[in-house]
Amino acid sequence: GAYLASSSTLFFTTIKCQALPFLSITYSLLCEKSKDKMSYSSSSKFPLLMPLMVACLIMAASGSNFHNEFDITWGDGRGKIVNNGEVLTLSLDKQSGSGFQSKNEYLFGKIDMQLKLVPGNSAGTVTAYYLSSKGTTWDEIDFEFLGNLSGDPYILHTNVFSQGKGNREQQFYLWFDPTTDFHTYSILWNPERIIFSVDDTPIREFKNMESIGVPFPKNQPMRIYSSLWNADDWATRGGLVKTDWTQAPFTASYRNFNADACVWSNGASSCKSNAPSSTTSTNNAWFSQEMDSAKQQRLHWVQQNYMIYNYCTDAKRFPQGLPSECKMS
């Protein structure tokens, strides 16, 4: 209602921006900025707003619909796609959790998803969001969110599997409450590195170190999976704190999925030679992306202040010596 005063043209444009809730947060902010400008501009300045209007409308084409991108695979109705495909929710009660998977398989890409985690007393619950291939020598790139008692922080657990071998855990606290609003969790996966990011802040990098004999996920296409499940035998304080089922159902929410990625179908990649057809495009910058100095500083800040476990410093766990990749870090 605050934007109806100027003219019918401005009213139409504002509604267009407001009607795009499925856009990524970057796009949403752009629309918000355009609305702000529109609300304070006279109709005589309308031509100046055209680039922002066009950006808002073009970006709508980039939005995703969960009905088109994902299948709910288990949970007997506890997983739901709502709001005309813009939001997906998973629920957990004493009988069952729930989960979904992507319709597509990917071989390299930048995957973004906004999540709002289980609020309140989430002890014993795990919300997993990850990429994984199949088979006994599978590859996997993991985000797992370990619930906790009310007031205690979530633990963000990360891991990388290559050719069936994991044991590469790093764990973090977050610098915000992940249950009060949506935040963006991203996986950048290209032939040279995997970068885990939270709200565009990198928290972990796993580099391709095949040159020293460390397998790297690069040959097996992976689907996106997510699940909400009970893991109170280990998730919170090593299993000491159990799930309080009087708080059920527990619910996690998802929105604004985006994949700039090479889709694998019928034994072939949508990208020529597993590379985007136009690597000069800014949309495909992820394929050769590495962290600049500012991102490296942010990574260092997170790891200095919020990392609570790093397998590369756990000498007791590896009495025969730390893994090879740790010695190169």
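Including glycine, each Cβ sits where the backbone N, Cα and C put it.
According to TrEMBL, the feature active site, nucleophile maps to E140. Taken from TrEMBL, the feature active site, proton donor covers E144. The domain 'GH16' annotation in TrEMBL covers 39-254. What TrEMBL lists as N-linked glycosylation site is N148.
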Legend entry - the residue listed as 'active site, nucleophile', number of other Cβ atoms within 10 Å: 18
Inset, instruction - Using Cβ-Cβ distances, find the residues under 8 Å from N148 (N-linked glycosylation site) that belong to the same chain and are at least 6 apart in sequence, listing them in sequence order. - result: S122, A123, Y154, I155, T236, V241
Inset, instruction - Run through the Cβ atoms and count how many others sit within 10 Å of the one on E144 (active site, proton donor). - result: 19
Legend entry - Mean per-residue pLDDT computed across the domain 'GH16' (39-254): 90
